[in-house]
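Notes to accompany the following structure.
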Amino acid sequence: MPEVVDTCSLASPATVCRTKHLHLRCSVDFTRRALTGVAALTIQSQEDNLRSLILDTKDLTIEKVVINGQEVKYALGEKQSYKGSPMEISLPIALSKNQEVVIEISFETSPKSSALQWLTPEQTSGKEHPYLFSQCQAIHCRAFLPCQDTPSVKLTYTAEVSVPKELVALMSAIRDGEAPDPADPSRKIYKFSQKVPIPCYLIALVVGALESRKIGPRTLVWSEKEQVDKSAYEFSETESMLKIAEDLGGPYVWGQYDRLVLPPSFSYGGMENPCLTFVTPTLLAGDKSLSNVIAHEISHTWTGNLVTNKTWDHFWLNEGHTVYLERHICGRLFGEKFRHFHALGGWGELQNTVKTLGETQAFTKLVVDLTDTDPDVAYSSVPYEKGFALLFHLEQLLGGPEVFLGFLKAYVEKFSYKSITTDDWKNFLFSHFKDKVDILNQVDWDAWLYSPGLPPIKPNYDMTLTNACIALSQRWITAKEKDLNTFSATDLKDLSSHQVNEFLAQVLQRAPLPLGHVKRMQEVYNCNAINNSEIRFRWLRLCIQSKWEEAIPLALKMATEQGRMKFTRPLFKDLAAFDKSHDQAIQTYHAHKASMHPVTAMLVGKDLKVE
């Protein structure tokens, strides 16, 4: 088979050379919004007579490159939009196969680095200190430091980070001590060590006025002090989830499992940075009801971080398996009917995405072709939910959950510490179920893996918990004006917050509702008072799509006071599509753009067609 090419990276591929280790020494400068330092990369040649190699960089200033104490020649190529600039380094002596070299690169990041968000004190909860966090997935590590920015290469790392002494630095690694900075008494150096090889998109850094609370034998929760106790309460189920995940996936090899609650501008629900999962504060519902995101990030420990997609074309391997594990964890905690309820909710999300993107759109394929496509632009629920649907369908074909979990555990064991493609996964599936090949051959693999739109087959779902949501949503969708007085607050009294959310998701699929219906819904259910972010998001979308002008300020507020793209992008799109809020949406975007995460700002700008 021909070697798989990572079209998202400009660096020498893993067949030419591989980064084995990074030692990072850097200083965080909040005034200049820059990281300045040295990345010492241990690189192993994969071929004989290697005379030069190429690394990924993006908006980095390179001061010098040193090998064995001697400065060496390097050349930065032209910037190629989202891919950045290739950096070619000439080696002083040719390397033979398996020979290693340590390349020390002195670099500085740009204030507009797409990997970093610099927050002013006003953008934090404490309002006193600045804050910095990184988000390298998918291809932003190159805007943090020079690297082979591809998930096909895995490396260990150590780091020493100098920060103002009143702040705390954390990384996706084990904390390895702190000491005053000998070069500057107003600063402190934090040390880190990650002994498990990881793809560089999992390198992460945060610096802020952080505090921690212990919530389990291997877990601290970190945040600004204003959120730390609330976070400790919200995530108290972490250890029981970790234990279930170990039962399903195998031993937890990373030592510590800490969690960081970020400021509201963080773009994702969570990011599975090893030893330190990053999560959005929109999970702080007050009742632990959004803990499925926690189960998701815990599951990534095995599927994503141990077994990794070789290129971003195969992103579904990371996300589909992780959603599958996440739902099993929740099923173990809350029952099999709950697992099916969330699985069916996920099918609904997939339907929405396919409808939004279009059923022939290439990004609705499970395996995508990202040649000349920024992975951030291709990002959607498809790799998560179409991936999950395939695994759920296979579970039902091959003998049920226990049988398929046996496959999953074997899959993790087989491919741990490796990066793989869909073909590797499929070949292993066929060898694991060699006595059921006739069943596997009945699967329409081409339709599932390589065709756009919804999957060829919808799995079977237990409807127990979903039926009440469908029944209530149907009452609203079919109600005439004269029926509106038949609704009352008691409609929701037997529904969990998960079911209220699903009820709104069902109504939203049929939006718009007549304006009188939405006003009546507010009257009887007081939806505006609900703080659960998932429910609030769907409620406000329903209001805007049904053209309720009074909801405009509430929707603008939610779109801007947090930056989780799952919420912010659809809210802005809905506001821009409503004539009464179109101009305001664009004005609000321009007013907030400078304080938004760089990736969020770019994608919302594209959505609004102003960038």
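Heads up, the Cβ atoms here are built off N, Cα and C, so glycines get one too.
What Swiss-Prot records for this protein:
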type     : residues                                                                                       : note
ACT_SITE : GLU297                                                                                         : active site, proton acceptor
BINDING  : GLN135, CYS136, GLN137, SER267, TYR268, GLY269, GLY270, MET271, GLU272, ARG564, MET565, LYS566 : peptide binding site
BINDING  : HIS296, HIS300, GLU319                                                                         : Zn(2+) binding site
MOD_RES  : LYS73                                                                                          : N6-acetyllysine
MOD_RES  : LYS337                                                                                         : N6-acetyllysine
MOD_RES  : LYS414                                                                                         : N6-acetyllysine
MOD_RES  : SER416                                                                                         : phosphoserine
MOD_RES  : LYS573                                                                                         : N6-acetyllysine
SITE     : TYR379                                                                                         : site 'Covalently modified during suicide inhibition by leukotrienes'
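Overlay of Swiss-Prot annotations on the structure.
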residue : record                                                               : Cβ contacts under 8 Å, 6 or more apart
GLN135  : peptide binding site                                                 : ALA115, GLN117, ALA204, PHE266, SER267, TYR268, MET271, PHE278, HIS597, VAL599
GLY270  : peptide binding site                                                 : THR277, PHE278, VAL279, THR280, LEU283, VAL293, ILE294, HIS296, GLU297
GLU272  : peptide binding site                                                 : LEU202, GLU297, HIS300, THR301, GLY304, ASN305, THR322
GLU319  : Zn(2+) binding site                                                  : GLY304, PRO383, TYR384, GLY387
TYR379  : site 'Covalently modified during suicide inhibition by leukotrienes' : ALA138
SER416  : phosphoserine                                                        : GLY250, LEU306, VAL307
LYS573  : N6-acetyllysine                                                      : ASP607, LEU608
Cβ-centroid neighbourhood (8 Å) of the Zn(2+) site, HIS296, HIS300, GLU319 excluded: GLY270, GLU272, GLU297, SER299, THR303, GLY304, ASN318, THR322, VAL323, LEU325, GLU326, TYR384
Rounded inter-Cα distance in Å - LYS337 (N6-acetyllysine), GLN137 (peptide binding site): 33
Surrounding CB atoms that lie within 10 Å of the CB of HIS300 (Zn(2+) binding site), all protein chains: 24
Residue, out of the recorded positions LYS73, HIS296, LYS337, LYS414, whose Cβ gathers the largest set of other Cβ atoms within 10 Å: HIS296
Proximal residue to LYS414 (N6-acetyllysine) among recorded positions LYS73, GLN137, MET565 (C-alpha distance): GLN137
Between MET565 (peptide binding site) and LYS73 (N6-acetyllysine), the C-alpha gap once rounded to whole angstrom: 41
Reduced DSSP assignment, GLN137 (peptide binding site): coil
Number of Cβ atoms other than its own within 10 Å, given for GLU297 (active site, proton acceptor): 25
CB within-chain contacts under 8 A for GLN137 (peptide binding site), separation at least 6: TYR201, LEU202, MET271
